[in-house]
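For reference, TrEMBL has these:
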type	residues	note
DOMAIN	52-178	domain 'DNA/RNA-binding protein Kin17 WH-like'
COILED	149-176	coiled coil
REGION	229-257	region 'Disordered'
COMPBIAS	238-250	compositional bias 'Basic and acidic residues'
Amino acid sequence: MGKEGFLSPKAIGNRIKAKGLQKLRWYCQMCQKQCRDENGFKCHCMSESHQRQLLLASEDPNKIMDNFSQEFKNDFIELIKRRFGTKRVQNNIVYNEYINDREHVHMNSTQWETLTEFTKWLGKEGFCKVDETPKGWYIQYIDRDPETIRRQEELERKKKQDLDDQERSAKFIEEQVRRGQGGREPEEAPVFTELKRESEEEKITFNLAKGSCSSADGLSKASVALGPSALKSAGSGKRKDAPSTSEAKEKKKKSALDEIMEMEEQKKRSVRADHWLHPGIVIKVVTKRLGEKYHKKKGVIKEVQDKYTAVVKMIDSGDKLKLDQSHLETVIPAPGKRVLVLNGVYRDTEALLDSIDERKFSATLTLDSGRMKGRRVDGIAYEDFSKIAGSIMTSVT
């Protein structure tokens, strides 16, 4: 029988076993050594190096525990910040990814006994926003990085500037309306008085000429005269019958005002949102937690709840699932098919897919609804539109 060496089956098997995670009960945090079985752990506890580490720890056990707690907290928060950002995620999901590292600090060597206790501590210290649900505890990282705060201040400043632009646009529209009226002040309505005479012998005369005087033929002072207001009212009635060129110009100016208001409406819609779910679109399940039965399978969104959760009906099996937005992705159809824009300036607008740019991960669409119908738009990202469930909807429902 040959001598066992580095490439022997036993040595290879031992190295394969040492790669993965093993039982926590046979792990020594002080020495950072993982034993394979109870006998190995017992031999390690009797070793001289382990006894030396215990003597060092007995001098100041609180300091050792604080060091492990600080390291565990830093690694955990760094994982949330790098992997999930400011998204709301379940604490068990973060912890399972954290313990995938063989060299991670175990929780039983820290000041927290359970993950729930550690989650509550994160919320109390202000590192994360935590909330308890029937499904468990959820955490959301609070980013206090100076660069992030600066970007948020710039966004708020931009929003304020957009509001100022809207006020200036409103003043500009009022000025255009005033110019369209020729700079005239709105006319006051004519005041009508009741015709009265003191005696039946007195005559009633109508003075239709502006500024004309009564004749000296014996018209009495008690005669009732209708002034220029009657003439203005009569003239205004004639002008209503035949529209003048000034009204046509005003109509042209109104169409220009409509364009300005349309541009303002586009500005309001240009702000991107962090949610894109919409009923009636085709999506693909990208999470592996539901098993291979649903992974990379397509479905149709039947209902959207709280902007970030969708009730999805699978196309193949017909099963209904309630999934988070982060577990789904959009579906890009073949050119010529109908899609729905889910984010950006043309949000909630139906369009036709013209072409796909695989290098820039974007597409060219032709809008098929709304005021911009027929307009061709370039550079729409893959995640900003998805296929509309047309013929599929009939088979699913």
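Yeah, the Cβs are placed from backbone N, Cα and C, and that goes for glycine too.
Predicted-model confidence for the coiled coil (149-176) is 81, expressed as mean pLDDT.
Under DSSP, residues within the domain 'DNA/RNA-binding protein Kin17 WH-like' (52-178) fall into helix, strand and coil as 87 helix, 15 strand, 25 coil.
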